[in-house]
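The block underneath contains the structure these notes are about, expressed in structure tokens.
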């Protein structure tokens with residue numbers, strides 16, 4: 001048991017009771033209280049059915065109102081006792097379809113082709129109750145009209161009282177009638193109520209509305225160990241609060257004088273989040289008197305009700321057989337078209353939320369979370385968790401935490417960039433390049449390239465200094481530490497969320513086997529060590545062989561990526577010659593920029609095309625492995641997709657960072673591809689500018705494409721479906737009002753892999769932000785701007801464009817945390833190589849300390865780099881080219897001049913630079929890994945105050961259970977007239 005924030009209580013509604021009489025083990029802070037269900041907002045709340053109130057229209061409720069408890073099960077039992085003899089008459093006449101609340105109204109609808117396929121006696125009480133009610137009802141009154149209005153809103157059954165907890169959709173033309181009939185009969189046998197409703201805009205579509213009564217909710221809540229608010233509360237303050245009470249009061253008073261934080265959500269706008277602390281315990285019908293039950297209709301939240309119904313749907317059989325069960329199999333074989341919990345009404349309202357309040361939780365989420373105007377506000381995580389479930393709530397919590405942690409990284413990266421911008425003109429290297437009017441550079445291509453002066457690279461030199469300056473090493477170390485701090489503090493944040501959301505003691509249920517796994521290995525069985533039941537088993541040799549085939553497929557796809565990169569390299573070599581002789585002067589002058597730019601765009605198109613292929617191959621390989629459960633399938637598929645897309649996105653970047661210009665050779669002895677195309681070499685200012693261009697273009701274009709596919713594509717699909725719906729509706733009825741379940745059916749379903757695409761996009765972005773951040777300090781800033789948009793895009797998509805997903809539970813982000821840790825390790829290695837090999841930091845460092853004017857004096861000022869450019873350029877005799885040139889030209893390398901005894905051999909400076917690069921890589925990696933490990937050791941996974949609270953509450957809960965049982969026994973003895981004492985009997 002844990003202390004959590006109750007989802008259905010409010011401090012303002014607490015009703016005080018007399019405290020318990022003290023006993024031998026009474027607690028010092030134990031009190032007894034009851035709470036009324038909390039309204040949705042200060043002015044309005046979600047619609048609650050009320051049998052006592054005659055008005056059934058959906059109007060906002062006041063903050064202090066509460067609905068009268070409705071016990072559907074007890075009524076059904078009474079009706080069954082009095083009318084059991086009338087069952088055969090009812091079932092053998094016009095009530096051939098047990099789904100319908102049938103009667104003599106014109107709204108009754110029965111599909112004649114399925115009359116003989118259903119057993120009406122399986123839902124006797126429902127039929128009898130409806131028949132009895134409608135026989136006694138006079139012609140339609142105002143009350144019945146309001147009830148129909150309530151039902152037409154799409155949130156309740158036709159009687160306006162039974163809440164819709166789940167929706168099933170099927171086509172009447174589907175041949176799977178027998179399976180559907182058996183499945184629905186078994187659902188009613190499990191205690192669910194069903195009602196059928198035809199679609200308004202499509203005569204072939206039929207909706208089945210499912211309601212879970214109170215007794216069924218209690219039964220499955222006990223089976224699923226769902227934790228519910230305990231009856232007693234303890235207002236507990238520890239010794240720290242007592243000793244620091246005065247200090248905290250002073251700080252609180254000081255904060256009251258400060259301006260209000262604009263990023264915080266207004267409590268008046270979200271009064272539903274003003275919650276009290278209470279204990280929770282696994283629900284038990286035997287101890288139902290311990291729980292805070294003020295209204296049976298609102299005791300279980302809508303998401304909990306949907307989760308219970310989904311649990312029943314997953315475990316209900318549709319045929320005789322061990323594995324013939326579950327809604328997922330019926331969706332796969334076409335028996336049903338869709339299964340989803342309904343949204344809680346529309347996300348928009350005619351009246352402003354400030355004056356009239358929110359009409360439902362969906363409307364509240366849209367106004368306070370999904371609107372673009374809320375981009376600077378904190379996310380209402382408790383409300384997100386309540387509506388969509390803990391799994392989606394954890395995703396948005398992680399995304400918000402990642403976005404918040406990007407703020408310091410973006411600021412430091414921007415500072416490094418601005419430092420390079422302000423020191424660009426004063427840089428000694430840039431000055432020497434821009435003033436080199438007489439330095440002739442060797443031709444950079446074979447045929448059409450002409451000799452050019454070094455000062456023509458002045459712009460490239462200044463742009464390179466923006467990213468390659470004195471702050472580069474500091475920023476690389478900072479980002480490596482940042483990645484560790486981000487992951488470690490996320491573990492602490494996750495611990496707090498799992499505590500607040502009551503997930504500390506929650507364990508995932510034993511998953512059911514995948515149908516493909518059962519069909520493949522049905523002949524080989526083994527006893528499950530968890531359940532103790534025999535189940536299909538995959539032999540180890542078969543598993544190993546399939547895994548080897550899958551790994552071979554992964555390596556084949558990686559080789560395909562490398563082939564695509566090789567094709568882009570060939571394009572750059574061919575385009576280099578063509579752009580150098582282009583007719584347009586601008587392209588001819590900046591042919592290197594044109595070659596790199598077009599190469600990046602072609603590479604991006606290849607990346608996006610191959611992503612489609614990779615997804616299908618990943619599906620094929622994952623299915624080939626035959627994972628045992630859905631979670632194993634998702635983890636295997638996610639790992640493959642990450643490997644494919646990571647290699648696909650970063651392979652060209654790795655080529656430019658570590659291979660471009662490293663094997664080009666020297667003038668007069670260039671290396672050629674296929675003895676035809678001369679290998680590309682770096683610009684006189686270095687290869688870092690090419691790396692920055694590659695990263696910037698791919699990162700920006702991919703984020704734009706992802707945002708379009710996440711929001712633009714669903715918008716287009718929903719627009720097209722509404723257009724088709726209007727065409728169909730015009731022939732039947734103009735301006736027709738659709739019920740909520742049909743509006744939800746016209747929305748797009750959530751992705752087949754759930755949140756996998758969302759996590760994959762962010763994890764790949766995390767790789768871009770950390771792996772090559774030394775070459776592109778603006779990557780965290782771009783990621784921050786994208787994530788600010790991404791949060792609102794995802795929120796808008798979940799609230800308005802997608803059907804409501806099944807509220808699932810989870811305690812962490814799954815396999816993605818391990819992937820993030822792996823990226824953090826890889827980032828340290830790649831940044832070390834980028835600084836040592838790609839940038840000119842090490843050559844400048846060696847020159848300043850060994851060959852510059854400040855030798856043996858220490859590196860103090862930019863003047864110590866005077867003469868560095870001339871030192872980094874070697875000399876070549878143009879007459880050796882045989883192209884009619886004479887004189888000497890310069891090229892980037894550390895080689896001896898042609899007049900030396902060993903012409904064109906590596907100089908001593910080359911070996912000094914190489915040794916310094918290797919030493920820097922080793923020192924940098926060990927230093928950063930040491931700092932990362934030390935920080936990870938210093939930061940505990942769970943905050944200490946949280947550990948203390950958990951231990952304290954464990955003790956208090958034991959005392960509370962003792963007091964509750966004692967009080968219950970005392971009441972029972974008092975009721976029976978027996979003597980009782982305060983001591984335990």
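The backbone N, Cα and C atoms fix where each Cβ goes, and this holds for glycine too.
Unlike curated records, TrEMBL annotations are generated automatically.
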Q. TrEMBL tags one of 788-812, 813-837, 838-862, 863-887 as transmembrane segment - which one?
A. 813-837
Q. For which of the residue intervals 618-641, 642-665, 666-689, 690-713 does TrEMBL record transmembrane segment?
A. 642-665
**Q.** Which range of 367-394, 395-422, 423-450 is transmembrane segment, per TrEMBL
**A.** 395-422
Q. Of the listed stretches (395-422, 472-490, 547-570, 590-614, 762-785), which one yields the highest count of Cβ-Cβ distances below 8 Å with the transmembrane segment (910-929)?
A. 472-490
Q.
Considering only Cβ pairs within less than 8 angstroms, which of the stretches 395-422, 472-490, 547-570 has the most against the transmembrane segment (762-785)?
A. 395-422
**Q.** Mean of pLDDT values spanning the domain 'Anoctamin dimerisation' (156-381)
**A.** 81
